[in-house]
Amino acid sequence: MTDLKPFLAKAASREPLTREEARSAFDILMSGQATPSQIGGFLMALRVRGETVDEIVGAVASMRSKMLTVEAPADAIDIVGTGGDASGTYNISTLAALIVAGAGVPVAKHGNRALSSKSGAADNLAALGVKLDVGPEIISRCIAEAGVGFMFAQMHHSAMRHVGPSRVELGTRTIFNLLGPLSNPAGVRRQLLGVFSPQWLVPLAEVMRDLGSECVWVVHGDGLDEITTTGITKVAALEDGKIRTFELSPADFGVSPCVLADIKGGDGVANAAALREVLGGAKNAYRDVSLANAAASLVIAGKVETIHDGMTLAAQSLDSGATALALDKLIAVSNDID
């Protein structure tokens, strides 16, 4: 089918789409066969009614079928957030990814430029000197040689160009805010996945289970799409096909609570400077919150069994210079410098 109208009519009637219907609808959206008005109407019908697990699974299946893929080790992990929390923090997942790579776990990081903040992962890494517009072979080399590779979302999801203008005109969150982090081009099966609202914790864990993930922690920390050290982080953890929920506090990571202002960042250049300070030995709230996210990621990766052990290994990665070396190698390989 190449006509969105039947799916639009069903969504507008507040009826849920089946997984297969959702995939067909998103195939139409992302192949340029729907008008801007149809795209906007369909996305808002889903948003107002509330997207279902089956609809998200179908939409992700469509996105994954069209993306430019990257080869990565089977045990690679991604640390990624949906964005949309409007918090303007430092690039926590970026530093956490480098720490995890320095600890010996391959990272296939997926990200984009900022949408609701001043600096997304892509802005931060570009300011650090990482080349973004590279092909799958170079990214695979980055993962193999640096322990971490960055997949710039717009390079891997070209079909999104068909819905981009409608999303901009709508000016509000749509299902696509959720789909990017669920569509990792390296097909990772282990993730630390931050979400902008706690309402999505369990539903996205269910989505990842249905899509075949092995271990995923979906987290929301005190308004952030990260594990936070400002207060309580809520977690829905997918492990061995089962989902459990729990909470984490700064004390669980052995760090002192901070306030949001302590981890507020700036643009890509400012955040790059802050990241370099931590690599240089600065002991501050940015270091603490990044270590916390890295520690959880090391548990998810199966590298350690406890958060405590994860914090120990993450701190070793940072303090030994292994994290800085991972960044240096990522910059060199992405720029194809021998």
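Here the Cβ of each residue, glycine as well, is placed from N, Cα and C on the backbone.
Annotation source Swiss-Prot lists anthranilate 1 binding site at GLY81, ASN112, citing sequence analysis. The 5-phospho-alpha-D-ribose 1-diphosphate binding site feature in Swiss-Prot is assigned to GLY81, 84-85, THR89, 91-94, 109-117, ALA121; the stated evidence is sequence analysis. According to Swiss-Prot, the Mg(2+) 1 binding site annotation covers SER93, GLU226, on the basis of sequence analysis. What Swiss-Prot lists as anthranilate 2 binding site is ARG167, and the listing cites sequence analysis. What Swiss-Prot lists as Mg(2+) 2 binding site is ASP225, GLU226.
Across the structure, the residue listed as 'anthranilate 2 binding site' and GLU226 (Mg(2+) 1 binding site) place their CA atoms 24 angstrom apart. Comparing the binding-site residues ASP225, GLU226 by how many other C-beta atoms lie within 10 angstroms of each C-beta, the top residue is GLU226. For HIS110 (5-phospho-alpha-D-ribose 1-diphosphate binding site), the same-chain residues 6+ apart in sequence whose C-beta sits under 8 angstroms from its C-beta are ASP78, VAL80, PHE150, MET151, ALA153, HIS156, GLY180, PRO181, SER183, ASN184, PRO185, ALA186.
GLU226 (Mg(2+) 1 binding site) has its Cα within 10 Å of the Cα of these binding-site residues: GLY81, taken from GLY81, ASN112, ARG113. In the three-state DSSP reading, GLU226 (Mg(2+) 1 binding site) counts as coil. In the three-state DSSP classification, ASN112 (anthranilate 1 binding site) falls within coil.
In sequence order, ILE79, VAL80, GLY81, LYS109, GLY111, ALA121, LEU192, GLY194, GLU226, ASN293 constitute the residues six or more apart from SER93 (5-phospho-alpha-D-ribose 1-diphosphate binding site) in its chain with CB-CB distances below 8 Å. Considering only the binding-site residues THR89, ASN112, ARG113, the residue whose Cα is spatially closest to the Cα of ASP225 (Mg(2+) 2 binding site) is THR89.
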